[in-house]
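*Asks:* Sharing the feature lines straight out of TrEMBL:
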{"type": "DOMAIN", "residues": "C:6-413", "note": "domain 'TRAP C4-dicarboxylate transport system permease DctM subunit'"}
{"type": "TRANSMEM", "residues": "C:47-65", "note": "transmembrane segment"}
{"type": "TRANSMEM", "residues": "C:72-89", "note": "transmembrane segment"}
{"type": "TRANSMEM", "residues": "C:101-122", "note": "transmembrane segment"}
{"type": "TRANSMEM", "residues": "C:134-158", "note": "transmembrane segment"}
{"type": "TRANSMEM", "residues": "C:164-192", "note": "transmembrane segment"}
{"type": "TRANSMEM", "residues": "C:213-234", "note": "transmembrane segment"}
{"type": "TRANSMEM", "residues": "C:240-259", "note": "transmembrane segment"}
{"type": "TRANSMEM", "residues": "C:271-292", "note": "transmembrane segment"}
{"type": "TRANSMEM", "residues": "C:312-329", "note": "transmembrane segment"}
{"type": "TRANSMEM", "residues": "C:334-352", "note": "transmembrane segment"}
{"type": "TRANSMEM", "residues": "C:358-383", "note": "transmembrane segment"}
{"type": "TRANSMEM", "residues": "C:395-413", "note": "transmembrane segment"}
Ligand code: NA
Ligand code: NA
């Protein structure tokens, strides 16, 4: 009997997060298909440590697997930051097609992560939809509306560069401080996927939600290489197809949550919602992309530039 | 015996004072860092975005270095209900055992802490892309200091004319 | 599991420093699991246990307290409190509790409150003739009001972890927080004579109160200054602690002019030492906490409890007992992160409102902050004041009992927590 422990950052319930759905589906499929020879244990809510720590534990073989955000992966594989290129993905359909192990680009990325860190990538999906802006001042309809807004970001140079290029001011704050910062006005706004914004109840302290679809980051499901290689061929096969199905379930759950009471409908009850027009989106893109490209080329060097170009090409192809 | 005792006392004291000075400077920088972080949002013309992460690391460095100060001065908090009711000789032996266990603990943290640092060198922090190994250096550093002070304290208490308890303050 | 428990209790009871006991017990667990990979990760846990921005409030409030003491600001506050309620028996104990409520509106962390008050009120109370251990007990009892009355770090962690309305949790804490203060003041009044608490011969005198009010104005402004900086959106609550240092330093150094460079060095040195003691405990606890999580011990305990009964009132009682029990041995943040996902679905299944359930979980864990053997507030107070944990405990247990009364009232009579949230439409 083999135990496979999976750490993730989100709530445990399958209907509350994509990681919850993925792990629940995966556990059920693997345990039944292997007649219980592989036991799956789930450690949700970042119990075993923050993102980057959990990946460390997978690398050391303490935990067999983890479903991690781009932020956690970035500490082990910095070029993942190319996904911070704003307004790169035109819609969720194309994002789904590109951010996947089924795409050529996704496979290239997975192979490179494997080569650089020794972590085998079992799944690749979006972190739960596009980042959207919320703020307490006004609906955002053009880059001019960003002028003078203090927008909370992660301590991430690409995000900071994007916000500053748009004419607002990036205010990096620890996650635990964001709610009160928005409530009191230390920051006027923030950006996160709808799920995250709804989950953190930011609608209680923000008035405007702008569907800007500006950034979409990946979630990467990694597994310890030695553990995977140590499985029998038969078990490897089970783990492979079960993880594919689980990732599909996770992606679908993200879309369901966004559309459910826990997603956009909840936010729309308390905030005025507007969507960027195509012209406005183009104006945002023109203002933000060059600055972020510069940061990416500067920080991640040749490799990062290559990966960025590959991603942009993949998006272009998917778009046609 | 007495001279050796004084010698140990002095070495321990000098080390303690220097660590204290470093800690005080780090703490001062920590306070300034957070002040500047606040100012940079409102007063200064530029926006400093690294202060949050820097403040966290400064706090951890300061506190972990200060662990050795607590050891040298026997200031770490414990429950002494039973300890103080034991016969002198037994409590002295017990204090020695505690020191040996603590020494083992910190030696362990030192040894594996070095491994952690070298692993951390291949990871980067969010700001600047600084290798994470640099902030991690505090683990072996603080553990080594703790080991040295434990050793000195152990010798000091063994050689002392009047035996002292493991923890003078709770 | 037995090995770790034995290591922990034996070393703790024999008197080894708590910060080391937690680390050694955790390490024993890791070694017991076998395999070097478990050992290699211990230093990482040790580090990341401290790697939380919100912890910064602790050193800053300790430092601010040091400065307020040295500059005489504390003394002026104490004099004012004395003028107000000093003519009562145990007047300063009463004013300590009142001040805890005022302070709770500023900070979200009980340990930060304990550090600040241990550094200010306890010395002042000792000067006025109180026993140091009694003063610590009052301070510990008052400090846990901090995370109950908003703002509250725990409510923020719980709310964002479990997707419960943080505003709702904040609102739910107001009545229980005030009740905690009320029952403690009743207890002080009831036991004042038996404990022979000091009382001066003065009578309440308006002129005297006004004089002391003017004298303590600069100190009284500090909470206003901190609260203002938060409410006006100038700083986050954690940064506000750094502003408190600035304010205290400004008053002491520029207005009173009684702080020298040497004083400053000594205050920083003391702050650093106290941080070293407290942070060793937090860092070591995170090694043990990881071991407990990995072996799913909190879940094991929860499952065991639930096999006993499924009646809502009994389940609720067992949840509270479990929280208090785990809180005895575990760091509160770790306990919250591990237990909340286990317990919250349970409270929902017995039909509790999520805000109500969240408030109970926060309240129970917070009370465990002042219960030995692993009570962070107690450690902070002991290390700040030099008083002994055992002797503080002797005066503390009546406070623990009455505060448990508030916990059970909150648990079994919904309106205590939900009245205000419902007023604002923040709870069902
Ligand atoms: Na509070
Ligand atoms: Na406790």
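Cβ atoms here come from the backbone N, Cα and C positions, even for glycine.
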*Asks:* Out of C:47-65, C:134-158, C:164-192, C:271-292, C:358-383, which stretch has the largest tally of CB pairs under 8 angstroms to the transmembrane segment (C:312-329)?
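*Replies:* Most Cβ pairs under 8 Å with the transmembrane segment (C:312-329) come from C:358-383.
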*Asks:* Ranking C:134-158, C:164-192, C:240-259, C:271-292, C:358-383 by Cβ pairs under 8 Å to the transmembrane segment (C:72-89), which is first?
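*Replies:* Stretch with the highest Cβ contact count: C:240-259.
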*Asks:* Of the listed stretches (C:213-234, C:271-292, C:395-413), which one yields the highest count of Cβ-Cβ distances below 8 Å with the transmembrane segment (C:134-158)?
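*Replies:* Ranked by Cβ pairs under 8 Å, first place goes to C:395-413.
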*Asks:* Restricting to the same chain and to residues at least six past its boundaries, which positions have a Cβ under 8 Å from a Cβ of the transmembrane segment (C:47-65)?
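*Replies:* Cβ under 8 Å, 6 or more out: 74, 107-109, 111-113, 115-120, 153, 237-238, 241-242, 244-245, 247-248, 267-268, 271-272, 274-275, 278-279, 282-287, 289, 331, 333, 380, 384.
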*Asks:* Who are the chain neighbours of the transmembrane segment (C:240-259) in space, where the CB to CB distance is under 8 Å and they lie at least 6 residues beyond its ends?
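*Replies:* Residues packing against the transmembrane segment (C:240-259) from afar: 56-57, 60-61, 63-64, 67-68, 70-73, 106-107, 112, 218-219, 221-222, 225-226, 229-230.
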